[in-house]
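Residues annotated as domain 'Glycerol-3-phosphate dehydrogenase NAD-dependent N-terminal' in TrEMBL: 5-161. Annotation comment: TrEMBL describes Gly9, Ala10, Gly11, Ser12, Trp13, Gly14, Ala141, Arg256 as NAD(+) binding site. The NADPH binding site annotation in TrEMBL covers Ser12, Trp13, Arg33, Arg34, Tyr50, Lys107, Ala141, Arg256, Val280, Glu282. Annotation source TrEMBL lists sn-glycerol 3-phosphate binding site at Lys107, Gly137, Lys192, Asp245, Ser255, Arg256, Asn257. Residues annotated as substrate binding site in TrEMBL: Lys107, Arg256, Asn257. Look at TrEMBL and you will find 181-320 tagged as domain 'Glycerol-3-phosphate dehydrogenase NAD-dependent C-terminal'. What TrEMBL records for Lys192 is active site, proton acceptor.
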Amino acid sequence: MTTTVAVMGAGSWGTAFGSICADTGADVRLWARRPEVADTINAGLGNPEYLPDIGLNEALRATADPDEALSGADIVVLAVPSHALVESLAAWHALVPRDAVAVSLVKGIALDTGRWASEVIRDAWDLPDGRAVVASGPNLARECAQRFPSGTVVAGPDEAVCARVQAICHTPWFRVYTNPDRTGVEVGGAVKNAIALAAGMADGMGYGENTKAMLLTRGLAEMTRLGLALGGRAMTFAGLAGMGDLVATCTSSQSRNRHVGEQLGRGRPLQVIIDEMNMVAEGVKSSPAIAGIARDHDVEMPIVEHVVRVLHDGLDPQDMAVALMGRSPKSEFHGMEEARG
Ligand SMILES: NC(=O)C1=CN([C@@H]2O[C@H](COP(=O)(O)OP(=O)(O)OC[C@H]3O[C@@H](n4cnc5c(N)ncnc54)[C@H](O)[C@@H]3O)[C@@H](O)[C@H]2O)C=CC1
Ligand SMILES: O=C(CO)COP(=O)(O)O
C-alpha cells in the first residue's frame, strides 16, 4: 500500500526531502507557506528560490493549504525552522491524523522551550513517544536534491516505526540507517551548527586546515560530552549524525552556519549577515539554548560558549581564538567519563 507523506515546510531541506520520498514511490504532499512556491513546484519548475536549477521528482505535489497536505497522512515530516516549530505545531494539531508518525528534520532546539524538537512535537500532538522520530545526518539539501550519494539516520525508540520511516526515504542514492538513540542524533544535529559557526570564523580569519580539524574534533568532544550527559550513546557521535554532519557542515561552502561564521570572522556584523540571507542558520538562535542546557548539566562546552559570546555579546573572533587556545592543558578525554556516569 502506498504511504502518504506530508512534508511541512518547502525550504531547501523540506523540498529536497519531499523529492527523495517521492523517489521511493510514496504519495508526497509538500506544504509551502507561500502559494506561489507551491504553484511553481506543481508547474514542474522546481523550487528556484531555495534549490535553483534542480529538477525535483515530478510526482511531488505541493500545496499552501495545511489541511490538504495533512489529510490522510501516514507520516508527517516537520521541515520548518526551529523558531517556527511551536506555533506551527499548534496551528496544525487539529489537522494531524490520529495514527500519524511525526518525523523531525529540525536541527535545533525549539526556541523559547529549551527542549529538543522531537519532545516538543510529541507533547504538542499528544503522540506516543515511539511515534516521534528524527532524521539527521550530513545532508546538505542541494546535494541530496541532486541525487549525489548521501546518508542519514532515522532515530527513535520504536524500531518498527523507524523502519517505516526508513522505507519512505531510502533510495539508491540516499542511504538511511536506523538508530534507537534519538537523543544522541538530535544533540548531534544541533551542536554541529554551533561548531560550524566556529569553523566558519576560523575560515574568515584566514586560519588553515589544522585549525579546522582541531575545531571539528574538539567540537565532537563537546557534542559527545553533552550527548552522554543527556543519555545518548557514544557510538552515535562517531556516526553520520555526529562526526558525519560535523565534517559536511564545517567544510562545505553550502552550509549557512559555516557561512555566517566566516562572515563574522571577517569582521562583519551579525545582523547585516543575516539580513542578506533568505534561509535560516539554526546555530545563531540555538547556540545559546545549547550552552544553557550544557550549564544545567555541568557539561563543559568551551567552543559553543565562545560562539555564543561572539554572536550575542560582541566578542571579537580573534579574542575567541586566543581564549580557546589559552585554556589550561587537558587530557583528550577530559569530561567524557564523568559525562557517561
Ligand atoms: N538545508 C539543509 O541543507 C538542511 C537543513 N536541515 C534543517 O531543516 C530545518 C529546515 O531548514 P531548511 O529547509 O534548510 O530551511 P530554509 O531556510 O531553507 O526554509 C525554511 C522554510 O520554513 C518556512 N518558514 C520560515 N518561517 C516560518 C514560519 N514562521 N512559519 C512557517 N514556516 C516558516 C520558510 O517559508 C521555508 O519554506 C532546519 O532546522 C535545518 O537546520 C537539516 C538538514 C539539511
Ligand atoms: O544540516 C545541514 C547539513 O547536514 C545544513 O547545514 P546548514 O544549516 O549550516 O546549511
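Here the Cβ of each residue, glycine as well, is placed from N, Cα and C on the backbone.
Curation plays no part in TrEMBL annotations; they are all automatic predictions.
Fair warning: this is a prediction, and the values are worked out from it, not measured in the lab.
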Position of peak Cβ density within 10 Å, selected from the binding-site residues Trp13, Tyr50: Trp13
Counts by DSSP class (helix H/G/I, strand E/B, coil) across the domain 'Glycerol-3-phosphate dehydrogenase NAD-dependent C-terminal' (181-320): 107 helix, 0 strand, 33 coil
Listed binding-site residues adjacent to ligand 2, that is, members of Arg33, Lys107, Asp245, Arg256 whose C-beta is under 6 A away: Lys107, Asp245, Arg256
Contacting binding-site residues for ligand 1, chosen from Ser12, Asn257, Val280 when the Cβ sits under 6 angstroms of any of its atoms: Ser12, Val280
Spatially closest candidate among Arg33, Tyr50, Asp245, Ser255, Val280, the listed binding-site residues, to Trp13 (NAD(+) binding site) (Cα to Cα): Tyr50
Between Arg33 (NADPH binding site) and Lys192 (sn-glycerol 3-phosphate binding site), the C-alpha gap once rounded to whole angstrom: 27
Proximal but sequence-remote residues of the same chain as Val280 (NADPH binding site) (Cβ under 8 Å, at least 6 apart): Gly11, Pro81, Ser82, His83, Arg256
Neighbour tally for Gly11 (NAD(+) binding site), based on other Cβ positions within 10 Å of its Cβ: 22
